[in-house]
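Below: the structure, in structure tokens.
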Amino acid sequence: MARVVVDVMLKPEILDPQGQAVQRALPRLGFEGISDVRQGKRFELEVDGPVDEAALARIHDLAESFLANTVIEDFIVKVESEEAAAGAAK
Amino acid sequence: MTARIGVVTFPGSLDDRDTQRAIRLAGAEPVALWHKDKNLHQVDAVVLCGGFSYGDYLRAGAIARFSPVMETVIEQAKAGLPVLGICNGFQILTEAHLLPGAMLGNDHLHFICRDQKLRVENAGTAWTADYEAGQEIHIPLKNMDGRYVADEHTLDKLEAEGRVVFRYLDVNPNGSLRDIAGITNEAGNVVGLMPHPEHAVEPLVGSGRTDGLPFFTSILKKLVNA
């Protein structure tokens with residue numbers, strides 16, 4: 001089993017009111033000096049078998065068509081565990 | 001022959017019965033469609049109703065877009081089948097790329113429920129022929145994820161082609177860009193909007209107006225004349 005992480009974030013030009021609400025609460029909690037917060041989603045996919053190029057390509061397609069809505073969101077796919085990284089390098 | 005208008009029920013749909021009732025009041029025959037059934041049972045048009053399909057998990061409408069029934073709806077909509085998406089149905093239509101842009105959480109982060117004033121910008125679609133362009137109507141609105149967004153190019157294109165069908169008047173309830181409440185595809189057979197016309201079809205309930213009824217009479221007239 002290997003873990004692949006898909007991080008999804010709203011595109012920079014899209015208003016993120018959730019992130020803004022978090023940012024506005026920070027001074028009240030004593031956190032100063034944080035001028036912006038944006039909130040995204042992280043998907044951790046446990047993959048059976050090796051995370052080779054073909055598997056990564058399929059996960060990329062999955063992220064592009066389903067996990068992220070590319071009209072409003074950007075995404076990054078990364079292999080997290082070392083074991084999986086070795087698999088990807090094969 | 002009476003026109004048959006399908007209403008899809010997804011797990012989490014809320015307004016399927018109200019929508020069926022509105023269709024019946026307009027004089028058409030409502031046909032209940034099930035999300036797992038690819039067969040549209042020879043309906044003449046489809047309404048994707050309001051609610052929280054598949055719990056709105058991931059993004060509103062994102063999971064419903066991949067349901068078995070949507071395979072057929074997407075295929076048929078591209079071939080000209082009239083499809084109306086109300087609220088969650090609008091979200092499903094954008095996720096399915098039958099309509100451009102995307103729906104996001106309201107800019108103020110609150111669920112909103114109000115009688116909303118709208119202007120009908122386009123009375124030339126399959127679902128708006130019984131309105132007049134420029135007409136102002138009141139339709140109930142209730143949503144969490146009603147903020148319509150698209151890039152500038154898409155917005156300009158929608159405006160230039162007259163594809164903004166409804167615009168919010170007086171109040172923009174959710175931060176939708178250019179006050180857009182509803183849009184149509186290029187062919188005019190697919191329409192999506194956030195407010196709920198099916199909740200404004202009888203004077204006894206809601207706002208006391210029947211400003212939503214023309215949606216269902218428009219499509220009926222179109223189908224009978226077709």
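Think of each number as a place in line: the chain as shown, counted from 1.
Using the three backbone atoms N, Cα and C, a Cβ is placed for every residue, glycine included.
Curation does not apply to TrEMBL; its annotations are automatic.
Features reported for this protein in TrEMBL:
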type	residues	note
ACT_SITE	B:Cys87	active site, nucleophile
ACT_SITE	B:His196	active site
ACT_SITE	B:Glu198	active site
Same chain, 6+ residues apart, C-beta under 8 Å of the C-beta of B:Glu198 (active site), given in sequence order: B:Asp15, B:Asp18, B:Thr19, B:Arg21, B:Ala22, B:Cys49, B:Gly50, B:Ile86, B:Gly212, B:Phe215, B:Phe216
Count of other CB atoms lying within 10 Å of the CB belonging to B:Cys87 (active site, nucleophile): 29
Cβ neighbours of B:His196 (active site) where a neighbour is any other Cβ within 10 Å: 24
Alpha-carbon distance [B:His196 (active site); B:Cys87 (active site, nucleophile)] in Å: 7
